[in-house]
């Protein structure tokens, strides 16, 4: 049996590595194909510059213009300096809210209309007189022209290659000044974080990494606390009227069996939004980066809190003392992992099958929408409707975690495999359906999530090797453990090779592709039109002219007194 | 006393970090100043390309030309493909040896000359008839033209910025093809490693890292073995005639006290050349990179084998079990480090003072040269003379190790500090003298060793914090250990900040500096001359025309029958 196990471990490793290599290769080539087939897109021609030094007596805009005219004269096209728009953002939000209340009241019967309270009356008259609108436009004007410039700018280039040169070479002698990076898609830009300096961004990054590590590591403490509070006798004290139900044997079993699990599930459900929030204040400039970062955070969160916490089950301190004693990790795992096999089979069924199927019905969203219709009846339902999009940072880690279970348990408890197979089939069908008919993509991922998937699979393999090593050591089969030993090393080397071989393609496109694509566009008659649109593509939503459709979502203008010359773009471009 | 210690640890950390920051800043600015003041140098305009894909029916040279004409037409100047020259190298070596013997025999009296053995007679006639010379030239011709091209090339550009663009952007869709990097200085090129493919280089890199780690970790085993063999009774068995001397008490003390130490020292002396050799087959393309890599290797070697092996003294397995038990490392260190204070004070005096002073007299080199004159009297002494250069990879780690001792022992045994002060003063004076009057630089380091120094100092600080933490824990002063705890974290954050702030400048020059420098040269009348010389700057020494000065080191031609048209360069440039 020993040799069968050993061979199985080797075979599955080779097989998974083979699949990983080909998938990396395939997605890498798909990425290139996507790039070659894409139309000219604004973000390909744009870079984001931060840490712009300003000499006294000149504005940020002048600095940017001078610098890029000086050093990138042949490809530089134009730029847009980013403005401080926090106040404006709140003002616009306020105006939209009032407008909506106003619209709603208008559509109600007159008897309701006459019962306007005083403050709303004032607001209404403000709105009708155009006072608010005027203050809004004044504020926009201020933000654009009176020194509220932030030391960041979007810079546009005439070619993709020119943008790549400017974004990938260190521009200034001081590495903290003129920090450049490729811009995200215009819709994907996350605006609030452009004001931070290099040091602030770096600090917030460090703080967030520490915070999310603490959240991951200490998460179980509140969960255990709440679980200990929500036991049967406590429930009887809180809800005395339930006493009769709770004494029934079936109810007791359900409550003692499912309540702790339910509490854990609710807590876990709260984590992806928290991780997304943490990522959003980490200094990223696009939603896609925020989601990728949140995805990584949630993945490690799940692996730690579902796998390790269950496997090394015991108190939090116990967990630490096990992990700090490096030598004995494999033997610890060898003892505890097989013991949890039935738990994880149950987990696949309860959490995997059900959560994936429930995605099909989107019950929570349905309830949310119904609740909103009933309670918040001061808004029209159509106000709130927007196309649903998939939360990658919530779904990808879950799927990967089932992959990890499959790899670590395949030789300890092969019974888990058919359950996982059903799960993956379900997930494939359901997600394919959802992608085709339900979700609208919020941004183009361009395959950039794949390295996360690859790394997680490599981690699963190494974890599996560690467990196998531990089992052979515990059973005192030293020849088998010697045989397994090179396997994790080889797997990590394979990973390192893949990093060299494929990862660069996921970070940036090559000079060859950029230049080829640029040449294709040379004779395209639509390019002048594209360039003129490019300059206005990156416009802070707070500074863009307010359309009445922004207010009610219908696209039907109803402010009769906003004259069209007010709607002209307020930003000038250098 | 506790608070005094705590404050001292904080103060010294802040002080060292302050110095490190300013020194990094200073060296970074010196680096830029050096670049701005430099004359146009070939390596600034040259990149090395490896992994050149060749389509069937065309040569490597054509591929390179087509690719760079296609994608870098505005800045591409020319290229030189590298050739397989191993055979040629041996042939040249052989010819040189024979020529030297020939010259030497010629200068001896006639009676010696008449006793030439047969084989030498044949060689002499070969030499006189020009046979060997002809076969040499044939071989050079073969290497240049008949398909012995290696898939690597030096590519020259018209501007520094053009070279930087080509070297720092990924060129091809396949990251393993058209791999580019900035070329080293022409004299600094390490030729033997251009034939390796991407995979070979990567494999050799991995193998060498493993080998040097094993050497570092397992080094003490042979040393302990030899030490155990070379004890007093064993010596009496080997050298019976020494018995009378060895029985004297003074001799016994010296032998038992110094012999193990001497053996260790001899073994340690052998390590830098071994590390340099390992680095040389790791795939680097320049001597400077080899030395930098060997410097890092030897540094960790010293820290592990002199510091940790002494401090955690005990067997090799003991060492490992201590290190694998992460939690207890600080307390282990706290117990063992202070106990070794007197040993390290003695080490500073014996190893530091003496080895630095001995550098002044260069005794080993003197003995070597004398020995060579006496024994190898078949060569003239002047044949062998070359200017000495400093082995950075041997000296820098030693100096850094004394810095580490100073930082870790300053609050455990401040008595070490005056000894270290004397050492550093001595080292400053002696090395300044040696740099000014003795050593000739073999390559321009351009400050690139500084990051190593910085990292080692940061490591020393963190080690010191770990020891302090251990001491406070062992003495059960939990408030003090809590106070110390943030210090290593803050130090590592400081290091991370310095990496962001300064390190990019040590990797490559910024676009701004490159373009400024390019513009300065635009009106320089010497540039056409420079560009024409640039094309021949990177010539494999095995392919360059043989000058008679190559043979005897005098620069006086003595082969009367090498006609000048044979000496014309054999390589053609596309």
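FYI, residue positions are counted from 1 along the chain as it appears here.
Cβ coordinates come from backbone N, Cα and C, glycine included.
Automatic, uncurated: that is what TrEMBL annotation is.
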B:167-188, B:233-254, B:299-320 - the one TrEMBL records as transmembrane segment: B:299-320
Given ranges B:366-398, B:399-431, B:498-530, the stretch to which TrEMBL attaches the annotation transmembrane segment: B:399-431
Residues flagged as transmembrane segment in TrEMBL, choosing from B:146-165, B:206-225: B:206-225
Other parts of the chain folded back onto the transmembrane segment (B:332-350), taken as Cβ under 8 Å at six or more residues beyond its ends: 261, 306, 310-313, 322, 402, 405, 408-409, 412-413, 415-416, 419-420, 423, 463, 466-467, 469-471, 473-474
Same-chain residue ranges lying at least 6 outside the transmembrane segment (B:206-225) that approach it to Cβ under 8 Å: 263-264, 267, 271, 274-275, 278-279, 281-282, 297, 300-301, 304-305, 309, 316
Among B:267-287, B:399-431, B:452-471, stretch most in contact with the transmembrane segment (B:6-24) (C-beta, under 8 angstroms): B:452-471
Tertiary contacts of the transmembrane segment (B:452-471), as residues 6+ beyond its ends and Cβ separation under 8 Å: 5, 9, 12-13, 16-17, 20, 23-24, 292, 295-296, 299, 303, 329-335, 337-338, 396, 400, 403-404, 407-408, 410-412, 481, 484-485, 487-488, 491-492, 494-495, 498
Spatial neighbours of the transmembrane segment (B:267-287) far in sequence, C-beta under 8 Å, 6+ residues away: 48, 181, 184-185, 188-190, 193-194, 196, 200-202, 204-205, 208-209, 211-212, 215, 219, 222-223, 226, 293-294, 297-298, 301-302, 305-306, 391, 393-394, 442-443
Same-chain residues at least 6 beyond the ends of the transmembrane segment (B:399-431) whose Cβ lies under 8 Å from its Cβ atoms: 5, 8-9, 12, 16, 299, 302-303, 306-307, 337-338, 341-342, 344-345, 347-349, 352-353, 356-357, 359-360, 452-453, 456-457, 459-461, 463-464, 467-468, 471
